[in-house]
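Visitor: So TrEMBL lists the following for this protein:
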type	residues	note
TRANSMEM	12-30	transmembrane segment
TRANSMEM	50-76	transmembrane segment
TRANSMEM	103-125	transmembrane segment
TRANSMEM	276-295	transmembrane segment
TRANSMEM	302-322	transmembrane segment
TRANSMEM	334-353	transmembrane segment
Amino acid sequence: MKIIDWYILKRYLVTFFMMIILFIPIGIIIDLSEKVDEMIERKAPLNEILLYYVSFIIYFANILFPILLFLSIIWFTSKLANNTEIIAIQSSGVSYMRFLRPYIIGATLISVIVFFMSMFIVPAASTVYNDFWNKYIRSSKVESVSDLYNQFSENDYLYVSSFNYGEKRGYNFSVEHFDGIRLVEKINAETIQWIDSTKTYQLINYSKRKIGATDDVIIKGEQLDTIFKFKIDDLMPMEYTAENKNLFELDKFIERERMKGSPNLNMYLLVKYRRWGAISTAFILTLIGVAVSSVKKRGGMGINVMVGVVVGFSFVFFDRVFGTLAQTANGLSPLMAVVIPNAIFLTLAIWLLKRVRS
């Protein structure tokens, strides 16, 4: 690479990481101000709080990376334009496409970092972040699921009409065991309660039916403490379950949930596709950022920054809207929910680049 390539690439990377360093303390202060009362009330240990904020930094940076990357490109490219450095570069015979080379190299480096972060480091941080949130912040909130039907092994199925995760209690519970296609045993209960102290399930007003070749055996009772093959999370999968899985764990987890008929499957697929989509995000936002800010404007850097904020938040807005549509029962495909926003902004990037070159 030439000196000018190193110059632009250095500004690209340094500005981006400085932007992260500047915004992270702001995020920590805002988060702490919102959660400090719950932390004090639930007596969260200092070491867990510190570990939470280490994870928060990683989690926060991963979520905001598109906006911060876009703003950093707008910022330093606008300075190059205002100082007429871009005009000087092009006057020396460098074409606009050649001028983009260090930006593409920078986007490639950021994409590689984002890939390994989102696939391996962020899931580990999300585990700590979400565990702390659930233990000290979210525990007082009621979370429930309705009409949950799961296949938790090859021959076993469970159903619960509603399950409250905070109380670890479900209603209208049934579990069925098959031998091939023949039902051989079924257990029903008005209520199922998870007992943490004994790691068992407590059934209230239950009936157990064993289906024989000639007759059935039915056992009824008011209360039964027992164990099952399924886990408590099979009754109420948390939203962040997929976020805690790395690249390889997530694929296995999705296949398991697909087999069980999980109602949250689209949510898990969306997490997977968003991780892969983040790779192209760096390139798309880089191209838009350069196209918007590489021409000197009368309003100066302020106009470019304002445009950058609007475009950056528009990208996040489209991503969240299509993501929400993908999580509905008969909604958009999770893959398309990731592809469509990227396609829209890639089209915008190509149009802006053609406009600038002309």
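The backbone N, Cα and C atoms fix where each Cβ goes, and this holds for glycine too.
Surface or core, plus neighbours and distances: that's what I need for these features.
Guide: Tertiary neighbourhood of the transmembrane segment (276-295): same-chain residues 65-66, 69-70, 73-74, 77-78, 80-81, 86, 99-100, 103-104, 106-108, 110-111, 114-115, 118, 304, 307-308, 311-312, 315, 338-339, 342, 345-346, 348-350, 352-353, 355-356, selected by CB-CB distance under 8 Å and a gap of 6+ residues from either end.
Sequence-remote contacts of a segment are chain residues at least 6 beyond its ends whose Cβ falls under 8 Å from one of its Cβ atoms, and for the transmembrane segment (302-322) they are 66-67, 70-71, 73-75, 77-78, 274, 281, 285, 288-289, 292-293, 332, 336-338, 340-341, 344-345.
Here the transmembrane segment (334-353) has Cβ contacts under 8 Å with residues 96, 266, 269-270, 272-274, 276-277, 280-281, 284-285, 287-288, 290-292, 315, 318-319, 322-323, 325-326 of the same chain, all six or more residues outside its ends.
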